[in-house]
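What TrEMBL annotates here:
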- 63, 64, 65, 102, 103, 104, 105: substrate binding site (BINDING)
- 79, 161, 194: (2R)-3-phosphoglycerate binding site (BINDING)
- 245, 367, 393, 394, 395, 396: ATP binding site (BINDING)
Ligand SMILES: Nc1ncnc2c1ncn2[C@@H]1O[C@H](COP(=O)(O)OP(=O)(O)OP(=O)(O)O)[C@@H](O)[C@H]1O
Ligand SMILES: O=C(O)[C@H](O)COP(=O)(O)O
């Protein structure tokens, strides 16, 4: 069992103090309303007090699936920091905390590049207590580790995906995972859309099974605040393809006052409107759907906004020739890779009238400087908005972070696929399996 040196703590209170900087613009009313809605549904780790936790072994599923470079150094520890409030709460209340996660997508059992060792080292820097790490997540290794744990200590188990039965949600494997624990906390929002043994199956064997603080916070914002938004409420949907965002656009058309579209998907809408789009990305089999979505917006009285000008390029390349044109004048052979300055101005005007905004998907190919202006301008507008701003995971989070504006948003989701599924209105198995409050 490897032991990591304990380091200064980031207590649950300190974390929330920090996140309240990020959430500074969130109205107390919206927070309270969202919290009530979710807490009314699932039991929370906050419902467990010292008497429930002291000396108990708690199996905590986190999503510590962080990016590593070729030297196995963590390049973004956001998900580890986001897991701290729950872990610190359990430590403060004298639990023996078994932390589990997946890392990457190992296909054939244990592989060194997918070990959680770097994550353990970072956890130990962030937590106030001693953190150990073992090289398995089931069996005698775990039994021995638990036997040696003091109250208020943390042991990180090895990557659960080293076992195929994790993703198959194997019942025997779920039982083995739960063998040495008394109760279960799921704080892995980023993996809550997966019905795996460690995210769902274990709940059959551990009671109570409750939501961690991060999971709750994500649900509060992405579900609570979107279901009962402060109005006017605007949804911005971008990204490459309409096909990956159909569910999100449809759901948000039922909830938002305005929907702004950007990214590669807009060209399918322009084609549906009979415009020439040059060699821009188009999904021909989604043209009818685009027409339906525009008709639905009109029927519901939702303002559906498409850019009026775009930055086009003669190739999909950082050093391509570019020009800004009206969407009615896209030259043959050129492709649209960003929204233009007139559209940015129009979108800014619309956004500045809003009290809450949710954003999923970039406005252009923000990875290349020549096509990043639209995305960064929208990020900047949200950063300065007097209202709730929620960034719904995936590439939009990467864009906001690249712009250095993450701290200025009300909420940045730690889940890509999970946030998308939640916004589509789907039930997340990792949430569904938890005890009712
Ligand atoms: N006009 C465009 N043409 C082609 N690609 C584009 C265009 N605008 C944006 N993109 C690309 O879309 C990608 C993001 O699309 P995606 O649908 O994956 O968005 P996302 O929702 O942010 O990510 P995720 O689905 O992981 O949450 C970016 O890599 C960006 O470069
Ligand atoms: O990074 C993610 O989106 C989550 O950790 C889930 O990972 P997965 O897509 O491999 O299940």
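Cβ from N, Cα, C; glycine included.
The shown structure was predicted, so the numbers you read here are calculated from the model rather than taken from an experiment.
Here the features listed in TrEMBL are painted onto the structure.
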residue : record                 : Cβ contacts under 8 Å, 6 or more apart
63      : substrate binding site : 79, 83, 101, 102, 187, 188, 189, 190, 191, 414, 415
64      : substrate binding site : 79, 80, 83, 99, 101, 103, 116, 119, 123
65      : substrate binding site : 79, 101, 102, 103, 104, 190, 191
105     : substrate binding site : 161
393     : ATP binding site       : 360, 413, 414, 415, 416, 417, 418, 419, 420
396     : ATP binding site       : 238, 239, 359, 360, 361, 362
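Checking the binding-site residues 64, 79, 103, 194, 394, 395 for a CB within less than 6 Å of any atom of ligand 1 leaves 394, 395, listed in sequence order. For ligand 2, the neighbouring binding-site residues among 65, 104, 105, 194, 395 are 65, 105, 194, by Cβ distance under 6 Å. Counting other Cβ atoms within 10 Å of each Cβ, the binding-site residues 104, 394 show the lowest value at 104. Cβ neighbour counts within 10 Å, taken over all protein chains shown, single out 102 as the most crowded of the binding-site residues 102, 161, 194, 245. Secondary structure at residue 102 (substrate binding site), as computed by DSSP, is coil. Taking the Cβ of residue 79 ((2R)-3-phosphoglycerate binding site) as centre and 10 Å as the limit, one finds 22 other Cβ atoms among all the protein chains shown. Binding residues for (2R)-3-phosphoglycerate (79, 161, 194) extend across at most 18 Å, taking the greatest CA-CA distance. All protein chains shown were included, and the count of other CB atoms within 10 Å of the CB of residue 367 (ATP binding site) stands at 14.
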